[in-house]
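The signal peptide feature in TrEMBL is assigned to 1-18. Among the features that TrEMBL reports, domain 'Tyrosinase copper-binding' is placed at 202-219, 383-394. The region 'Disordered' annotation in TrEMBL covers 292-313. The annotation transmembrane segment is assigned in TrEMBL to 474-496.
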Amino acid sequence: MLLFAMGFLLVILQPSTGQFPRVCANTQSLLSKECCPPWDGDGSPCGELSSRGSCQNILLSQAPLGPQFPFSGVDDREDWPSVFYNRTCRCEGNFMGFNCGECKFGFTGLNCTERQLRTRRNIFQLTTSEKNKFLAYLNLAKNIPSQDYVIATGTYTQMNNGSNPMFRDINVYDLFVWMHYYASRDTLLGGSNVWRDIDFAHEAPGFLPWHRAFLLMWERQIQKITGDENFTIPYWDWRDAEDCGVCNDEYMGGRHPTNPNLLSLASIFSSWQVICTRSEEYNSQQALCNATSEGPIRRNPGNNDKSRTPRLPSSADVEFCLSLTQYESGSMDKMANYSFRNTLEGFADPQTAISNPSQSGLHNALHIYMNGSMSQVQGSANDPIFVIHHAFVDSIFERWLRRHRPMLEVYPAANAPIGHNRENYMVPFIPLYRNGEFFKSSRELGYDYEYLQEPALQSFQDFLTPYLQQARQIWAWLVGAAVVGGIVTAVLTGLIKACRKKKRGTSSEIQPLLIESEDYNNITYQSNF
């Protein structure tokens, strides 16, 4: 009964994000290169009659790219989404969505004018009821088809430049697995040739903003299909963990009793089928993942290659990473040194910040440690641990933003690997988001983390800290100045009072003691605070 009710909610509620909107996955839209669906509220494209948005030409960034991808015009993801569409909805104000039918992250209400702040919590601090609800929501997403989105099963060339659309349905959870695959897949060059040194979601500046947007979309999708507007993704704080604390049947699934590479049959996730895990097969066939089931989730935590990932990350690793002042540096890829992004992603040593791709730290360490579906980039989102892991990675990104308070200009505007410049649109999201839009505090995007205590107060304290440090250095001078100022003030006050007494003479009793009522109403109190 609960599953039926949630399925009904899916039909009446419109998801706001995804890959290819179903209404644009047709010959007419592909040939015209226009995806400007009507908003149900007034029937006009992009809700234009209600001033929600309008159909506009896509404005692509012209900033130069890094040298990592030496081709042009061979990959559908170049200058996303212009190969498929060059006109989409451009929403006004706080409206968002492929048809401007939703509110931006952090806003709610009929006209998207009400601010909203939700809190992501530690998965171990959820009540039994809250934890079970989270697991049920995950399973629901895996078993309900997306009503508004489809996935591409062929390249634009294989679609005969749009005249032969190749799309298929997919469930809500696997929609996001496919998006993660599509952003990180290899470039198909024809024959048996591929280019592997390309990734629109990893190994470059966009890693953190891309996954931040990905989680927000996933969170919004769950809110929609369940009708639970207050749902937030829990996070797994893995600092100093000695083993996988969520790898049991109470949480994300324990080990199978006879096959340690599989999940316990007591876990709901043991019946899940993975997709998009056979990258070499797709490459040899010059094909895209078509979301066909490819077997159960595989996971064998701790039995990984210890020479590459000897342990799970420590609190000291995280603190060192947070101390790095540069968001990005050098080549802005996995070889970058002293880069906060590259160190958090795990390609640089978490104790020196020197690039070492042969080792896996922080974010990467968790993926390798899981020793299964999580350990292969393109298909890693198949394991639901992916979501709670990345929520914690995002919280570390948030701590760095609050500590260093970078301007948007800190995020590279040019010369980053393909797809990672500040103004590039993120692959493969429609509606469109630029990398720079998510290089901001989570509170501006409508969410916070439970363990970042007293965030507003902390932010104010962070603001005052440098000034307080300067004050400590000159405190003796400040005290001296205060004493001298007090003496001068006392002397001046005495002189003023003496002068006033002389002016009054002996007739002080005729002066009014109170302001007359008619004068009182004419007084204006003004504060310059």
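Positions of Cβ are set from backbone N, Cα and C atoms, glycine also.
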Long-range CB partners for the region 'Disordered' (292-313) (under 8 A, at least six residues beyond its ends), listed in sequence order, are 238-244, 247, 253, 255, 260-263, 269-278, 350, 358-362, 364-366, 368-375, 382-383, 385
Counts by DSSP class (helix H/G/I, strand E/B, coil) across the domain 'Tyrosinase copper-binding' (202-219): 13 helix, 0 strand, 5 coil
Integer mean pLDDT for the domain 'Tyrosinase copper-binding' (383-394): 98
